C-alpha cells in the first residue's frame, strides 16, 4: 500500500519525505496515529484484495456467461431459429405484396398500350376489320369487359397456371414458354459461369499485383467493356470471330459451339459489373486490421486473400451475383434476337411485334417474378449467415 501511495505522489513530495529529521508528512511532525475502527479491527489489507479479487473473478465469469448466451441467441442454428422464422414470414408477406403490385403493373402497361389487338388479329388473318367483326372478336377475347374485371379474371387464371392463349395461333402460352425455357436457362447459366469466372480471376489478379502494368490494362479494359451495350459486343464478336475467323457459328442452337458467342456477349457485361464490386471489396478488406495482422504474422499473401479477404467480400459478392443473374435473364431478349437463339426472349420480341398481349404479359410477369424471388432468396441466405441483417 505504501508503494502505491508513493507512486501517486509527486517526486518533490517523495524527496521531502525521505529527508532526515522529518516525518512522513514532510513537516517534521510525527504522523498522527489513526485508531482502527472497531468493525475493521483485526482485518488485513490482504483480505480486501482477496475479496476484491474474488468479486472480480465472479464478475468476469458472469460477463463471459452473458456473452456466451448472447452469441448463442445470435446463431441461426440454435436459439436464433425463431428469429429466422420471423424473418421468413415477414419477407413472405412483403413478397406477396410486391408480386401483386408487379402483376397489376404488367397488366396495365400491356393493356393500355396503343392499338387494338382485335384489329391486328383480323388483319393478320387476311380479314378486313369492320365494326361488327372487331366487336365480335373483342367479346370473344374478353376485351369488352371493364379493365379491373379483366385484371381479376387474368390474375385468377395466372394463379391457376393458365397464362392464356396466343392471339396469333391460339396455342397455350404456358406450353410455348416451357418449350423455349431450357434454351434460355442454358444460355443464362453459361453466361453466369463466364461472368463469375472472369470476374473472380481478374479480381484476384488485381488484388495480388494492383500496380502492375497488366493489372492496370485489365482494369481499363473492364471499364471499357462495362460501358459498351451488349448488342454492340455481340456484333463485334460476330464480325471478328464468326465471320472473320470462321471459328464459331453466328447463331442458332444447332451445334455445341453455338452457345459460346451469346454467352460471351452476356457474360462480359456481367463480369465487368462483378469485377468492379469485387475489386472494391477486396481493397477494403485488405486494409482491415485483422488482415494486416495476418500478414504481419507471416501468412502468405495468397492465403491471406483467399482465407480472410474473400470471406469479408463474400456477402457483397453474393448480392452482386444475384443482381447480375437478374440482368442476364432480362438482357437475354436482345442477345437471343441478335444470335437467333431459340429462347423465351426471341419469343417475346416476336410477340411484341405482333401485339400478342398474352405472350408479352406472361414473359414480363415470369421475368419479374424470377427476379423478385432471386433477390428475396439472396437476402434470406445473407440474413441466415449474418446476424446483423436480422435487426433491419
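Placement of Cβ uses the backbone N, Cα and C atoms for every residue, glycine included.
What TrEMBL lists as region 'Disordered' is 1-77.
Summarising the annotation, TrEMBL assigns compositional bias 'Basic and acidic residues' to 44-72.
Here TrEMBL flags 95-113 (among others) as transmembrane segment. Residues of the same chain lying 6 or more positions beyond the ends of the transmembrane segment (95-113) and with a Cβ under 8 Å from any Cβ of it are 147, 150-151, 154-155, 158, 355, 357, 360-361, 364-365, 368-369, 372-373, 376.
Taken from TrEMBL, the feature domain 'ABC transmembrane type-1' covers 181-378.
Look at TrEMBL and you will find 187-208 (among others) tagged as transmembrane segment. Listed as Cβ neighbours of the transmembrane segment (187-208) (distance under 8 Å, sequence separation of 6 or more from its ends, same chain) are residues 214-215, 218-219, 222, 259, 262-275, 278-279, 282-283, 286, 301-302, 305, 309, 321, 324-325, 328-329, 332, 335-336, 341, 343.
Sequence-remote contacts of a segment are chain residues at least 6 beyond its ends whose Cβ falls under 8 Å from one of its Cβ atoms, and for the transmembrane segment (217-243) they are 202, 205-206, 249-250, 261-262, 264-266, 268-269, 271-273, 275-276, 279, 331, 334-335, 338-339. Annotation source TrEMBL lists transmembrane segment at 217-243 (among others).
Marked as transmembrane segment by TrEMBL: 255-278 (among others).
Tertiary neighbourhood of the transmembrane segment (309-342): same-chain residues 180, 183-184, 187-188, 191-192, 195-196, 207, 230-231, 234-235, 238, 250-253, 258, 261-262, 265-267, 269-270, 273-274, 277-278, 281-282, 284-286, 288, 291, 348-349, 367, 370-371, 374-375, 377-378, 381-382, 385-386, selected by CB-CB distance under 8 Å and a gap of 6+ residues from either end. Annotation comment: TrEMBL describes 309-342 (among others) as transmembrane segment.
The annotation transmembrane segment is assigned in TrEMBL to 362-385 (among others). Taking Cβ pairs closer than 8 Å, the transmembrane segment (362-385) reaches residues 76, 84, 87-88, 91, 95, 98-99, 102-103, 106, 109-110, 158, 163-164, 173-174, 177, 315, 318-319, 322-323, 325-326, 329-330, 344-345, 347-348, 351 in its own chain, all 6 or more past its ends.
Same-chain neighbours of the transmembrane segment (255-278): 186-188, 190-196, 198-200, 202-203, 222-223, 225-226, 228, 230-231, 233-234, 237-238, 241-242, 248-249, 313, 316-317, 320-321, 323-325, 327-328, 331-332, 335-336, 338-339, 341, counting only residues six or more beyond its ends whose CB sits under 8 Å from a CB of the stretch.
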